[in-house]
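Enquirer: Got a structure here, written out as structure tokens. Questions coming.
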């Protein structure tokens, strides 16, 4: 009897696996918009992929991965292939994820509303999409080595560079929303309390940035060497100071009264993180001490024969993963009314979203029977670009690939080590990010004939 009931329970989920996104979460989540629930499920798809990729790097997994035909055949290098098989597995898994999201991105080009037949694919058929993703990933493991890893390294680097810029755009959006929320509460009442909170958050961000700069000069520079690190730290520090001063200039404040030091402090902290992340990828070990070696720990796995050690745990990678998760889930639930950021992320503003509880039509949030529903808030027009959202997840897959492998370039005939290319990608992204932030400040002054409200 219990087996029959269990089978019936499983069978009740079959329509959900082929139906829309809200059906999957309606039993365990509160009511919400269809557009938000769909993005959350795609983000969970990516999170599962990240977890599996992390498992691939666990010491001891190489014995299982070596069973895949052709994975380590006829490869001789400084580092034995069986030690680096986890890195190769991450490349193939992320390749499969990236191709899955790129396929969806191309399929969803110019979808304008949920009445488009392609929108049903975006918002439903979850079992088939999951099966497709798994099939692509499994197929990727049988791709001959050849130049695959080398070519995909450069593709991953370009994609990760773009995703870092998207992270910064979302960070700017978050900083603007944070500042606007606290300023509104400060104006409504209890102004001293909220003013103190605003001042404390800003001061904390700048204090963290100052401490980071001091530590960078202490541990990542030497009096007679590490000229590149000295230049990176100094230039980014001066650029952050310049952006902070610019944010409080009278002309900027006149055109954007809500701009201020809180946003600048958040951008400054992120810029310092990118600076540190870039320096940790330098090939010269004397200018690139690992964080754990600084505090007296070691996480390298020694290789029994002649060869180099392989570090399995990278602090900068952990921080990168945390920022990645925050970015992806924030992009899934955000309903920003910042018009400049919305134009960059191809998202409609908050006013286009159907408010919860408006009407009791076929797509109402609650049918009165206590069952959670989700409103179809995209019948008249999508609230975000389906194609761009999937393209962002495509870039996110590449960013994860580069982060988990610490931006190493793998070649069987050479050592597994950092590349200057990775350093310049991260440093240039920090500069472009600062330029984007400054542009959000000066755009209303430069383009006077456009409305930025």
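Start at 1 and count along the chain as shown; that gives each residue its number.
Note that Cβ sites are derived from N, Cα and C of the backbone, with glycine treated the same way.
According to Swiss-Prot, the protein carries these features:
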type	residues	note
TOPO_DOM	2-39	topological domain 'Cytoplasmic'
LIPID	2	N-myristoyl glycine
TRANSMEM	40-60	transmembrane segment
TOPO_DOM	61-88	topological domain 'Lumenal'
TRANSMEM	89-109	transmembrane segment
TOPO_DOM	110-123	topological domain 'Cytoplasmic'
TRANSMEM	124-144	transmembrane segment
TOPO_DOM	145-151	topological domain 'Lumenal'
TRANSMEM	152-172	transmembrane segment
TOPO_DOM	173-197	topological domain 'Cytoplasmic'
TRANSMEM	198-218	transmembrane segment
TOPO_DOM	219-231	topological domain 'Lumenal'
TRANSMEM	232-252	transmembrane segment
TOPO_DOM	253-259	topological domain 'Cytoplasmic'
TRANSMEM	260-280	transmembrane segment
TOPO_DOM	281-309	topological domain 'Lumenal'
TRANSMEM	310-330	transmembrane segment
TOPO_DOM	331-387	topological domain 'Cytoplasmic'
MOD_RES	351	phosphoserine
MOD_RES	352	phosphothreonine
MOD_RES	361	phosphoserine
MOD_RES	364	phosphoserine
TRANSMEM	388-408	transmembrane segment
TOPO_DOM	409-426	topological domain 'Lumenal'
TRANSMEM	427-447	transmembrane segment
TOPO_DOM	448-453	topological domain 'Cytoplasmic'
Enquirer: Output the single range from 40-60, 152-172, 388-408, 427-447 maximising the number of Cβ pairs under 8 Å to the transmembrane segment (89-109).
Expert: 388-408
Enquirer: Cβ pairs under 8 Å with the transmembrane segment (260-280): which stretch of 40-60, 124-144, 152-172 has the most?
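Expert: Answer, by Cβ pair count: 152-172.
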Enquirer: Give the nonlocal contacts of the topological domain 'Lumenal' (219-231) in its own chain as ranges (CB under 8 Å, at least six residues past its ends).
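Expert: Non-local partners: 276, 279, 282, 284, 286-289, 294, 423.
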Enquirer: Counting only residues 6+ away from its ends, which parts of the chain sit with a Cβ under 8 Å from the transmembrane segment (198-218)?
Expert: 179, 182-183, 186, 229-230, 233, 237, 240, 260-262, 265-266, 268-269, 271-272, 275-276, 279
Enquirer: What mean pLDDT score does the topological domain 'Lumenal' (61-88) have in the model?
Expert: 61
